[in-house]
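*Asks:* Below is a structure I'd like to ask you about.
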Amino acid sequence: METVAAAGYAHGAATRSPACCAAMSFSQSYRPKAARPATSFYGESLRANTARTSFPAGRQSKAASRAALTTRCAIGDSLEEFLTKATPDKNLIRLLICMGEAMRTIAFKVRTASCGGTACVNSFGDEQLAVDMLADKLLFEALEYSHVCKYACSEEVPELQDMGGPVEGGFSVAFDPLDGSSIVDTNFTVGTIFGVWPGDKLTGVTGGDQVAAAMGIYGPRTTFVVALKDCPGTHEFLLLDEGKWQHVKDTTSIGEGKMFSPGNLRATFDNPDYDKLVNYYVKEKYTLRYTGGMVPDVNQIIVKEKGIFTNVTSPTAKAKLRLLFEVAPLGFLIEKAGGHSSDGKQSVLDKVISVLDERTQVAYGSKNEIIRFEETLYGSSRLAASATVGATA
């Protein structure tokens, strides 16, 4: 199925060819709940490969899922090879490959965006769009043309959009199309976040109900970090020059180490417990690694296999991070990697998503760091019984 790459934007040397750029065909603007255009940037080859009858509906049995994991996923595998070994659910494979194609195009559009006084823009067909809106449209198109997504919503379009896929054997997807879009002009790393839930529900569910989550990281390297419910670990794929996603790392444990990323520091003004926590990091000579982008700040915990990210609220610094679009998917990635997440009292994967725009504070990191986070903010930790707080450099 990697052959569908030809229908997307060929990466590497081909992407730098003016002729290739001119030949690129995009659809009209994505129009939720309206008639869809006859063509897409995916082209007819992807349309042909994603016919609704391509894969049988229905969830795999637990026995089949376990059997699929007997074949070890290997470093060096392509995305398709990895997914074929990681899950027997062909619908989920198709959805993740389509999202990978969209993120490859987003990476190119971010890299070539024109940044003026108010926004960074690039072309989408005949339109000039802010790059976050362009990413939003590309991801909605990817989900529509996967033919296995029932509902989708995004941080830019926080209402359920019917993608036309089945309920039984299909999925609902929530995504942040371009987290950190305000720092594109400064050339900082930005990214895409998405979570995949089975069926047609995105409320009344928890982050723990996800069957997969992923993030795309658009920085010096373009990477695609994926975790699946029935596959151990969190897995990183690198976008090669020829446009292929290659499996380059798996993470199954997050150890102790003195690295911190403190978000929403203005909350330390009137949240003395958060101020105490940040001062502890400084006093203990933790290494500060904070970019202002949630995706790279969380991704470094998975890559370095240590550290903590915090984003805490206060009476005057309210919660901004969205549970559905950002917090739960990233929590899934961290916990599948062997780390922990917390809203101060519980794992973010245990929080019921009551409304699409629900917001929360959060911390991600190693077990001991989450214990320290919970104990400092609330006096006790649900994790403390089985671990001793302490970090090593």
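Using the three backbone atoms N, Cα and C, a Cβ is placed for every residue, glycine included.
On a predicted model such as this, the values are computed, not experimentally measured, just so you know.
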*Asks:* Based on Swiss-Prot, name the residue from Glu284, Glu305, Glu326 that is recorded for the same Mg(2+) 3 site as Asp176, Asp179.
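*Replies:* Record source Swiss-Prot; matching candidate: Glu326.
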*Asks:* With Asp176, Leu178 listed by Swiss-Prot as binding Mg(2+) 2, identify the candidate in Glu144, Glu155, Glu156 belonging to that site.
*Replies:* Glu155
*Asks:* Nearest to Leu178 (Mg(2+) 2 binding site) in three-dimensional space, by Cα, is which of the recorded positions Cys115, Asp126, Tyr290, Lys320, Glu326?
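*Replies:* Comparing Cα positions, the closest of these recorded positions turns out to be Glu326.
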*Asks:* Give me the long-range Cβ neighbours of Tyr290 (substrate binding site): same chain, 6+ apart, Cβ under 8 Å, in sequence order.
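*Replies:* Within the chain, Tyr290 (substrate binding site) has Cβ neighbours under 8 Å at Phe260, Ser261, Pro262, Gly263, Asp297.
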*Asks:* Taking Cα atoms as reference points, which of the recorded positions Cys115, Asp176, Ser181, Glu326 is nearest to Asp126 (Mg(2+) 1 binding site)?
*Replies:* Cys115
*Asks:* Cα of Ser182 (substrate binding site) to Cα of Cys115 (disulfide bond): how many Å, rounded?
*Replies:* 11
